[in-house]
Amino acid sequence: MEKKITLRKIIITIIAFVVSIAFLLPFIWMLSTSFKIEADVFKFPVEWIPTRWNGIENFKEVWLGQYPFALYYWNSIKVTVITTAISVTVSAMAAYGFSKVNFPAGKFLFLIVLTTFMVPQQSILIPQFILYRYLGLFDSHFGLILLGSFSVLGTFMLRQFFMGIHSDYIDAAKIDGAGHFRIFWSIALPIVRPAIATYAILRFIWTWNDYQNPLIFLRTDGLYTLQLAMQKFTSLNGEFYSLIMAAAVSAILPLVIVFIIGQKQVIEGIAMGGVKG
Amino acid sequence: MSVDAKSVMEKNVVKNIKSIKINKKSKIEKNENLAGLLFVSPMLIGVGILTLLPIIATFILSFADWNFIMGITQINWVGLDNFKALFENEGFLKSVVNNLLFLLTVPITMIFSLLIAIVIDKHVYMKSYFKVAFFMPYISSIVAIAVVWQVLFNPTNGPINQFLFSIGIENPPTWIADPNFALISVMVIQIWASIGFNMILFLAGLQSIPKELYEAADMDGATAWDKFKNIMLPALSPTTFFLLITGIIGTFKVFDLIAVLTKGGPINSTTMLVWHLYESAFVDLKIGYASAIAVVLFIFVLIITLLQWVGQKKWVNY
């Protein structure tokens, strides 16, 4: 009996594995094409392992050529890291204020923040654009960072965790004379650190992959983030598919690394709040 | 001392103590108020300036005829003309139809995701490999995904059509170049890219079902189908409902895929609300008209969100 079940499990695993490979074929094709010479890209049957390797030249062209990915990587890293840091700080503070500080206006203010949650970001693009032009924030990394810094979603997520902290901890600290900033910094934050890590990773992924905001709020080539550069690169190199695939690999790779490192947090975070960017 | 006088004194003492308490309390309250406001103010200011103010402005602008180049004094109020123009604009009507067709991706994605989740929850080895594999598209940027699929869908040289040629199909569709197939092609990519997210949530739902339920069902001689129908589906109803709602809202916001892959074409066959909004605002510079689209988008999402609030109370119970 036991053996039969195991055999069944092995067979199902093999079938599922085949399905998963089929599912991943676009990625496999992308990776293999990025190492090919252009003439081999559309050979059929597909050469999954390139016969003529041209990977170094392809990636060199992508990273140092006319649209230098090295620069866009730096732009993306800068924007993503700073956005993530500010967003986590602002959300954590607001989440603490809305859950652990008893002030009468709190409930009402929280309701206001809650209402903005259902505003689709695209329905406010035009006024944001006008406002940005007016304030001189248009076409700057600073402006782009600000757009991603005030996350209602992050506030909700972290608030759930702050609410889970027993009030006794906080009351005890108050009796010892600690103010809210002390309590926030040395008691509340350390307790919710896993949740902060989860939110930070998610925010990192969403900011890194954001295409719409850079498209609308950046104009200068030199300021492009990776996603925007990827699209410009594609329209410039229309027929050089091996280069385009090398660019696509470059655009996806950092996140695959972040994901593999923070896999547990990402999957748990998504499963927990059912959050979506 | 009379009893009366004593009770009056006692009352006074109690009053005094009370007032001291109130004083102290009001001081603490004051501190709490200040601390609370300090903690939430960065978020409030940010949301106020970058979300609340703009949404009000969107509604105001939807009654105007204006573009970015004219000064603010040149603004021309046109009442409901922009909304009338929406219903006379083929691009808009086509966008609404496409958005509605796109809704089909939501249940299809959910069915595939549930199947995959059930299989990898209990019936396979290397569970974490499968989680990562099916989750890959979610962490990849839509731009990169769209570019890769664009090449895969290439009508003459793309691997997909080469494969179809090789198995003897002489006239395969030209996918994103064919007005009849473009939207379906985009929907396929959308489904492929959304499966990971849905699967992770279904998996979490499945894992929260107590084992005892299955054991009890086994003892009663329940079939796999019985267990699916009577244990899994009810237990997964909150997840299903959540995925349905976020999925629907998600389809109304589709933009990246269209912007990179088809730019709404060929001949408007893949235009969607947000793409139409983007084109009207930032290509055609019709701010008032585009704001009217934004209002429609907002109202669609609002209705679905309200349905969620109502539905959550009624439907999600186990």
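Yeah, the Cβs are placed from backbone N, Cα and C, and that goes for glycine too.
What TrEMBL lists as transmembrane segment is A:12-31 (among others). Using a Cβ-Cβ cut-off under 8 Å and counting only residues 6 or more beyond its ends in the same chain, the transmembrane segment (A:12-31) has close neighbours at 46, 48, 245, 248-249, 252.
Sequence-distant neighbours of the transmembrane segment (A:72-96) (same chain, 6+ residues past either end, Cβ-Cβ under 8 Å): 113, 141, 144-145, 148-151, 154-159, 161-162, 180, 184, 188-189, 192, 196, 199-200, 203-204, 207-208, 223-229, 250, 254. The transmembrane segment annotation in TrEMBL covers A:72-96 (among others).
Annotated domain 'ABC transmembrane type-1' per TrEMBL: A:73-262, in sequence order.
Per TrEMBL, the feature transmembrane segment maps to A:108-130 (among others).
Residues 79, 82-83, 86-88, 90-92, 94-96, 98-100, 113-114, 116-117, 128, 132, 135, 188, 191-192, 195-196, 198-199, 203, 206-207, 210, 213-214, 217-218, 225, 269, 273, 275 of the same chain lie 6 or more positions beyond the ends of the transmembrane segment (A:142-162) yet place their CB under 8 Å from a CB of it. Per TrEMBL, transmembrane segment is recorded for A:142-162 (among others).
Look at TrEMBL and you will find A:183-206 (among others) tagged as transmembrane segment. Packing against the transmembrane segment (A:183-206) from elsewhere in the chain are residues 80-81, 83-84, 87-88, 91-93, 96, 100, 148, 151, 154, 157-158, 160-162, 165, 169-170, 173-174, 255, 258-259, 262, 265-266, 268-270, 272, 275, 277: each is 6 or more residues past its ends and has a CB under 8 Å from a CB in it.
Sequence-distant contacts of the transmembrane segment (A:240-262) (same chain, six or more residues past either end, CB-CB distance under 8 Å): 27, 30-31, 33-38, 41-42, 54-55, 58-59, 61-63, 69, 73, 197, 201, 204-205, 208-209, 226-227, 230, 233-234. Per TrEMBL, transmembrane segment is recorded for A:240-262 (among others).
Proximity of distant same-chain residues to the transmembrane segment (A:108-130), defined by a Cβ-Cβ separation under 8 Å and at least 6 residues beyond the stretch ends, is recorded for 94, 98, 138, 147, 152-153, 155-156, 212, 216-217.
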